[in-house]
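Asks: Before anything else, here's the structure in question.
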C-alpha cells in the first residue's frame, strides 16, 4: 500500500519530463521514420509512400559512402587524440608544481568557449595569407613558405581535428584528474613499498580507477564527434572537394538545401542507427571492465 | 429621413477620416540581403533609410547573411509565417523558386516604363518560363582586374585580350619577380568557383546542358577546367585560390599580392579606395578575355534580383520597397559598388564620372553575359560541379574524369 | 605524493608551461585581433602586437543605433539570453521532480535510461519534423519555439545531472520527515531543496551554457533579428565580408565573455559537475 502510493507519486513526478520528451523527441522521431518512407519535399506536397527506396538509394550513393568514411576518421582521430592528451595532461596536473591551481583553472577556458567562436577563431588562425599559424611557423623557421591549411584534403581534416582537440581535451583531462585524485593514498603507498615501478603502478593501481570515468568520457565524446556539424560548417563547409563533408552536413544538404525531406530523413535515421550501434558496443565493453575492474 | 441621411453621411465621414489613421499603423517588413560583393551593408542601410523617410508608415528590418546562406535561409523561411517580405535572390534560383512557389509572380506589377527602361539582360535575371519573379537589382558580371603598375613594370602595355595572353603576361610578371602568384581567383568549394568556371566556359564556347543532358564535360566546358588546372599547376595562380571567396580575392589584390584578379563590379571602387587598399589608383579593369577564334570577351551572368516570398503578409508594401530600391534615382546615386539596371544611366555623367574605365568594361561584359543553366535542380548540379572542379585542381582526378563524375552526380 | 627528483620537477614545470601556452595562445590571439587595425592584421610579416589599440569594432558592435550592425548584434545577444533562460528554466522545471523521483525509486531507472539515451540522437534526426511542426504552429523564427526545441537537449541532460546529484543526499532525512507527517511539497521545500541547491545551481549553469552554445537548430529555425541567436549571427559575420578579421574576432570575444566569465567564477561547481558523470555536450 505504502510502496504503491510512493510508486504512483514517483510516476507523477516523472510525468512532466516524459510529456516534454514525447512532444519534442518522440513525436518528431516517429515522424522522421514516417518521412523516411516517403518522397516528401520540405515545402509543399506531402509525398507518396515509397517503401525503403530512400534507404537503398542512400546506401548505394557515392556521397553517403564518402561522408561515412569522413565521419569515421574525424571521430576516430579526434576522440583518440583527446583521450591520450587528456590523460597525459591529467597525470601532469596531478603532480606538484608552481601555479598548479592556476593551470587547472585555465583548463575550463577552451571548454567554456562557444563552439562557433572556436571554429571561427581557428579559421582565422589557419587563413592561408594572413593567418597566425603560417606567420608563427615561418617566423620560427619551421616552414619556409606560407601554406594552405584548409585548402588541401588531408591538412583540412587535420586542421579540423586540431581545433576539436584543443576545445575538448581539457574536459577529458579534468575528468581523468578527478579520477586520479580518487585513488586512495594508502594503496599508492603500498604499491610503492612493494617496489612496483612507475609503469606497473600506473597499470595496476591508477588505471583501474581511471577506467570507469574515462569510458564515460569516451562514449560521450564519440557520440559528439559523430554528430559534428557546427565546427565543419564554419571552418570548411565540407570542402575542399568534399573531403570534410560529414554525415550531418550531408543530411543538411539533402533535407534543407535540396529540400528532399524524405531521403534526408532516411539518411538521418541511418546516422542515428550507427550512433546507437557504437554506443551499445561501448556499453558492452564498459560492463566487461566494470566486472573485472575495481 | 433627412436627418438619417445626414447622420449616415457624418458616420461615413468620421469612419473615412479614421481609415487612413488605421492604415498608417506601422507595417514592419523583414528584408534579406547578403553581406558579400555588390552594394555594401552601409549602402543598403542608407538606401533603406531613404525609403523609410518617404514612407513613414513602413519600417524595414534588414538581415544580412553570407551569400552561402542566402538560398537556404529563403527556402527555410517558407515555413515561417513571420518570415521575410523581401528577399535578394540569385539569377540561378528563379526556376527552383517558381517550381516550389517560393516567390510571388510579379509579372502584372511590372510597368511599361520598367519594361522599356531596364536593360534586357537584366530582365533575364528574374524570369523563368515567361513570368517575372521580382525586379533585377544587381547587374553584375566578373571582370578582369589588373594592377597597372605591375603590368608596366613587366613591360606589358595593354591588358590581355585572350586567356592565352593572360597566361603569357602572368608568366612575364612572375619571371620578372614582381609578384609570386600573378593571378588570383575565387575557387573555394562554393558557387563562386562556378562563376569563374562559367566565365571560362563561355570563352571557350561550351555548354552546360544540351538536350536536357549535362554537356559541360565535353568541348568548351572541359577546356575551361583544363585552363584552370593548368594555371593552378604552373604556379601562375595563387594556390590558395582553391579556398578563396570573392572577399579573399579582393584582399589579395588590394594588398598588392596579385597582378590579375577575376571579380565582381564592387571591387573596382573598393580597391581604388586608399582607406581600404594599398593599390589605390593602380587598378585597371576590362571585360574578361576571350579565346581566339571563339569569343572576344567572356562573362557570367551574376546578377541578382529582389523578390517577394509567397509567405509575406505585406506584398504591396514589399513591392513599394522593391520599386524604390531598384529605381533609377536610387541606383544612380549608389552606382559605385554595383551598376544600375537602367539603360539611360550609362550615358549619365553623374553615374559614369570617375569610373569611365569600369563603364567601358561593363558595356562589353554585360552584353556578353552567359547564363548558368535554368533548372530546378541547379543546387545539386552546382554542388556536383564544385566537387569536380576541386578534385581536378587538387590533382585527385583528371579534368575529364572529374567532370564526367560531376555530370553523373548532377541530378540532371 | 611521492618525492620528486630535480630533473623530473623541471620537466613537470616545462610541460605545465607548455600546456598553459597551448591553451592561452589562441585565446590571446582572438583578443589581440579584436583590438588590432586591419593594416596590422594583413601585414606580412604579421604584427603580433598592434601599433595602437583600435577599439572601433567594440564601438560598432555595441552601438544601439537603429538598423546598424551593432543593433543586429545586440538583438542576437538578447535573443540568445532569452532562449537560453527560457529553455533552462523549463528544463529545471521538469528535471527536478523527475530527477528526484528517479533517484529515490531505482525501479524508474529504465525510464530515465530511455530519456538519457535520447542524447545519442543526432539533431539531424529530429530536424525535419521539428521544422514542419514549428511551421505548423507558427513557431518558426520565434524565441519561444527555439527554446521549446532546446528542451529536447536540455531536459534529459539536466535530469541526469540532477539525479546523480540527488543520489548522495541521505534518504533517512526524507523518511524521518515523512514519518513526522510532512506533505510532499513541504518535504521538497524544507528538506530536499536546501541540500540540493548546489546541484541545481550546477545544472542551471550547464543547461544555460549548452543552450548558449547551440548552433544547428538555431541556424535552421530562425531567420530574422526577431529570433536569430548569437552563434548564427557570428557565423553570418564570419562568412560574409570576411575582410575585417578584427570585427569577427570582436564578435567572438563578446560572445565568449559570458560563458568564460561563468566558467571562471563557478569553476569549482563546474568541475565537480563535469566529473560527477555530467559532461557538457
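Placement of Cβ uses the backbone N, Cα and C atoms for every residue, glycine included.
Note that the structure is predicted; figures quoted are calculated from it, not measured.
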Asks: Scan A:54-73, A:74-93, A:134-153 against TrEMBL and say which stretch is down as transmembrane segment.
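Replies: Based on what TrEMBL states, transmembrane segment spans A:74-93.
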Asks: Match it up for me: which of A:156-180, A:231-255 does TrEMBL list as transmembrane segment?
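Replies: In TrEMBL, the transmembrane segment feature sits at A:156-180.
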Asks: Is it true that the transmembrane segment (A:74-93) and the transmembrane segment (A:201-223) have 3 or more CB pairs under 8 Å, sequence gap of 6 or more?
Replies: yes
Asks: Which residues, given as numbers and ranges, are at least 6 beyond the ends of the transmembrane segment (A:105-125) yet have a Cβ under 8 Å from it?
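Replies: Same-chain contacts beyond the flanks: 89, 93, 131-133, 150, 159, 162-163, 166-171, 173-174, 230-231, 233-235.
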Asks: Compare A:12-30, A:201-223, A:265-285 by their Cβ pairs under 8 Å to the transmembrane segment (A:156-180) and return the stretch that comes out on top.
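Replies: Comparing A:12-30, A:201-223, A:265-285: A:201-223 has the most Cβ pairs near the transmembrane segment (A:156-180).
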